[in-house]
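Participant: Here it is, the structure in full.
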Amino acid sequence: MIQVLLVTICLAVFPYQGSSIILESGNVNDYEVVYPRKVTSLPKGAVQQKYEDAMQYELKVNGEPVVLHLEKNKGLFSKDYSETHYSPDGRKITTKPPVKDHCYYHGHIQNDADSTASISACNGLKGHFKLQGEMYLIEPLKLPDSEAHAVFKYENVEKEDEAPKMCGVTETNWESDEPIKEASQSNLTPEQQSYLNAPKYVKFFLVADHIMYLKYGRNLTTLRTRIFDTVNVVYLILLRINIHVLLVGMEIWSHKDKIIVQSVPAVTLKLFATWREADLLKHKSHGCAHLLTGINFNGPTAGLAYLGAICNPMYSAGIVQDHNKIHHLVAIAMAHELGHNLGINHDKDTCTCRAKACVMAGTISCDASYLFSDCSRQEHREFLIKNMPQCILKKPLKTDVVSPPVCGNYFVEVGEDCDCGSPATCRDSCCNPTNCKLRQGAQCAEGLCCDQCRFKGAGTECRPASSECDMADLCTGRSAECTDRFQRNGQPCQNNNGYCYNGTCPSMTDQCIALFGPNAAVSQDACFQFNREGNHYGYCRKEQNTKIACEPENVKCGRLYCIDSSPANKNPCNIVYLPNDEEKGMVLAGTKCADGRACNSNGQCVGVNGAYKSTTGFSQI
């Protein structure tokens, strides 16, 4: 029986506040000294982990008692996490270190709804927590045979450089052919709505340059700790816009740099992105990579990234300067640049986020919060709707979680029926919090077909139809799950403008609207004849990077041609063509190309049955 391990730490406050001390975070004035005393109560037969999965800390801040709740960040590392560094003679060394029992936590202050915390417990307690709107830092005091820690406000750290740091992004460093246009809920196609509702995961890779290696004393352990501390905060920030950041790997250029890292940010970013595409992507699958550098960029720039380039093999990249001793300020810069990768530009003066400064403010200040502004959230949503980047949809499996299952962490994991938290916090009458199994007599604890611990009756509607290709989903009476059903693939839809495929109706009209806005339409047939040329944009498919011209019967399965009804555009044959993402703007597989025919994945207009039985994964139902 797995039980929650609750650890209580009592912190006794030293009877005086220090006036000045030099810590890892810098020269600190006005700090409190605390002594953690760990009290552990393990259930009988439980195995002691090196780092517990759930902990509490009791301490006084400004003389007032607070309780800090912490849970291990189980999403920090991917299952295939790896590290690469180089020997003194330049030999590449790649390892897969054990990261299951890691020491990085997130949490909050009890009775403070807006509080956050990011703490490492590797060697004492190091990190920060937000209390009543103010940021506090905690780190061990380096005293012999002492467990003393310092707690202090960020404002009490002496600043080495008073000049504010800024992001180098102006408008866009990767020129997209078209601006992001606002999309209302009613204008969304079924595909866009489904994409928007799906959970998002960024498989993140981090590279540290040679200056970083030298800066941290040529000590790989010290440098990797710095990186883990930073990414743990990045995870916490991006979670605010429902993006999970999983660290899939890191590379430390311990021998020499793989590119010429220089003080001109735009040049360094371009060189890093080129190296990433040519080298890194061939050895490690990931969705986005950043370079963390110890070089000082020209001017106040702290980072730079390509805007809206997530998942792009060339441009899904960013660079960040390790500009401050306090890792959470570096993490804010990194999260900011990752926000650019995810389609978010800088906040304007009218943008708000219930804090003095939001994540996407152009200037990184000591008041920076972990909140995204209303503008950022809207811009990110519009980017997702318009571009639907696919690499962030790949959700890790339950078996990919690197930490062992823990009853009481609110995640239903392998071997558990339910998980409602600890016995003290559980409010679920269906779930036994001591073993994460259903209570006696209960059939279920959650699910669209679960009501008061019992399965809903067979035939009960659990999800209405979302489109004409969808069907109302019904409970079976034997499960809490609401199984997704949809109309037969190949059934005509949208007034015979398309054929159903797995609950959606892919049509050229919807694809034009997604590319050019709500008033767009499909071009005349004559425009599609350009696909017979087999040039850089007009083709049906590629074979070994050679573009194959469309046969006459297949011209509507190549590049999509649309009418953009905006007053300034008189061109009857508009396309979207991006040299770095050539598949964008092609007619999607499954789209109707003639009566009774649909495009397959090879750019051929074939019979409906053949299209849905081709290698695209379509299946006739």
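From the backbone N, Cα and C atoms, a Cβ is placed for every residue, glycine too.
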Participant: Going by Swiss-Prot, tell me which one of Cys426, Cys430, Cys469, Cys475 is disulfide-bonded to Cys449.
Facilitator: Cys475
Participant: Per Swiss-Prot, which of Cys366, Cys375, Cys391 is disulfide-bonded to Cys351?
Facilitator: Cys375
Participant: Pick from Cys353, Cys366: the cysteine that Swiss-Prot pairs with Cys358 in a disulfide bond.
Facilitator: Cys353
Participant: Can you tell which of Cys444, Cys450, Cys482 Swiss-Prot lists as bonded to Cys462 through a disulfide?
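Facilitator: In Swiss-Prot, Cys462 forms its disulfide bond with Cys482.
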Participant: Determine, on the basis of Swiss-Prot, the cysteine among Cys366, Cys391, Cys407 paired with Cys311 in a disulphide.
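Facilitator: Among Cys366, Cys391, Cys407, the record in Swiss-Prot lists Cys391 as the disulfide partner of Cys311.
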Participant: In Swiss-Prot, Cys469 is listed as disulfide-bonded to which of the following: Cys444, Cys450, Cys453, Cys500?
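Facilitator: Among Cys444, Cys450, Cys453, Cys500, the cysteine that Swiss-Prot links to Cys469 by a disulfide bond is Cys500.
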Participant: Of the cysteines Cys436, Cys444, which is paired with Cys450 in the disulfide recorded by Swiss-Prot?
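Facilitator: Disulfide mapping in Swiss-Prot sends Cys450 to Cys444.
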Participant: Going along the chain, which residues six or more apart from Arg485 (Ca(2+) 2 binding site) have their CB under 8 A from its CB?
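Facilitator: Listed in sequence order, they are Asp470, Met471, Ala472, Asp473, Leu474.
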Participant: List only the single closest residue to Cys527 (disulfide bond), chosen from the binding-site residues His336, Val406, Asp419 by CA-CA distance.
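Facilitator: Given the candidates His336, Val406, Asp419, the nearest one is His336.
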Participant: Fewest other CB within 10 angstroms, which one of the recorded positions Cys431, Met471, Cys557?
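Facilitator: Least crowded of the recorded positions Cys431, Met471, Cys557, by Cβ count within 10 Å, is Met471.
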Participant: Going by Cα-Cα distance, pick out whichever of the disulfide-bonded residues Cys453, Cys550, Cys562 is nearest to His336 (Zn(2+) binding site).
Facilitator: Cys562
Participant: How many whole Å apart are the CA atoms of His340 (Zn(2+) binding site) and Cys469 (disulfide bond)?
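Facilitator: For His340 (Zn(2+) binding site) versus Cys469 (disulfide bond), the Cα atoms are 35 Å apart.
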Participant: Starting from His346 (Zn(2+) binding site), work out which of the recorded positions listed here (Cys375, Asp484, Cys505, Cys562) have their Cα within 10 Å, and give them in sequence order.
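Facilitator: So far as Cα distances go, the recorded positions lying within 10 Å of His346 (Zn(2+) binding site) are Cys375.
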